[in-house]
Ligand code: NAI
Ligand code: MG
């Protein structure tokens, strides 16, 4: 087995507490011959600012660029609210996204059967749900120029945002979606508004042409407003959904919250494949932040972090069976009735970060 390099960036607040549980999983996997991960740990966010005066040091940036995958905790906290804008904790994450070229944001919505009754939808609609939203992250209306507000001089103002996409940006995100669908249930939907937007017309053309390169994957176009409706009407009809930055922002939040609380939601961000090795740069992180209100208390939910690590096993290392097992271990401890405070339920046992991590590891080892 070839050694794979993981670069761990726990960050601030609960980041260090939840990353410690991932480190224990990695140590166990290595010790039992399941993986051969070499890990290195760096500083990002407020803790990096305290030590280096920057949200990530050049040395740690270089390590992130060399790693096979970056596993990221969370950054920020009230301690750094007044540091200069360029070196605020979030700047570390933005720098990583930019320098690693992470244009594809992956947001799964997985419903654990034990938590199906906590969903805002009926149990039968969400039980067994497993959707992956693939959101374009570096283009579209959030970045397009012109982007301005002009004073018309007659008491009125005009605001302009511009949606811009070029063929290559759509092509590369579509390829990510079709690649990933190949490791899942082989179905891709693409959501746009080609009925009213020129960018949607181009998305439709480009994605349909990429689909031809993936004959084993079923491809369907859907209008974004209908996609939103279908997500809350019958979400299980979807597997992989690829879409632009704006629609992806909204659809991924909607899909994620069908299934759980912030402490449960993992994510991944992928870049272009390396010309020589075909491997994509990748960063895996929970959706939540550093939760300063509960940091240091040992009560944070480590599941979003551990599920992000499971995504790394699946999407960076093609360890599908191991990723399935780890996700099944998470589902298993929830079925056993263990809950951290954020997902506490009457009649279930409330545990802390370490106890939840240990229970998941024990299930994996069983
Ligand atoms: P947050 O996600 O840190 O917390 C929101 C609420 O959810 C809090 O009540 C928190 O206790 C709870 N929560 C979050 N994760 C949890 C977990 N794993 N287990 C149990 N409870 C959990 O968002 P907030 O409070 O808006 O931001 C706090 C700090 O985190 C800020 O400095 C913000 O800038 C930063 N942040 C960083 C992100 C990142 O590193 N990617 C993303 C979002 C916020
Ligand atoms: Mg959002």
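Backbone N, Cα and C define each Cβ position, glycine as well.
Just one of 88, 107, 123 is listed by TrEMBL for the same substrate site as 97, 135, 225, and that one is 107.
Using a 10 Å radius centred on the Cβ of residue 299 (NAD(+) binding site) and all shown protein chains, the other Cβ atoms total 19.
Take the binding-site residues 97, 107, 135: by the count of other Cβ atoms within 10 Å of each Cβ, the lowest one is 97. Same-chain neighbours of the Mg(2+) site beyond 225, 249, 253, judged by a C-beta within 8 angstroms of the site's C-beta center, are, in sequence order, 224, 228, 246, 247, 248, 250, 251, 252, 254. Proximity to residue 249 (Mg(2+) binding site), judged by a C-alpha distance within 10 Å, picks out none of the recorded positions 85, 97, 193, 291, 295, 299.
Cα spacing between residue 85 (NAD(+) binding site) and residue 142 (site 'Important for catalysis'): 20 Å, rounded to the nearest whole number. Neighbour counts of Cβ atoms within 10 Å were compared across the binding-site residues 81, 225, 249, 253; the minimum falls on 81.
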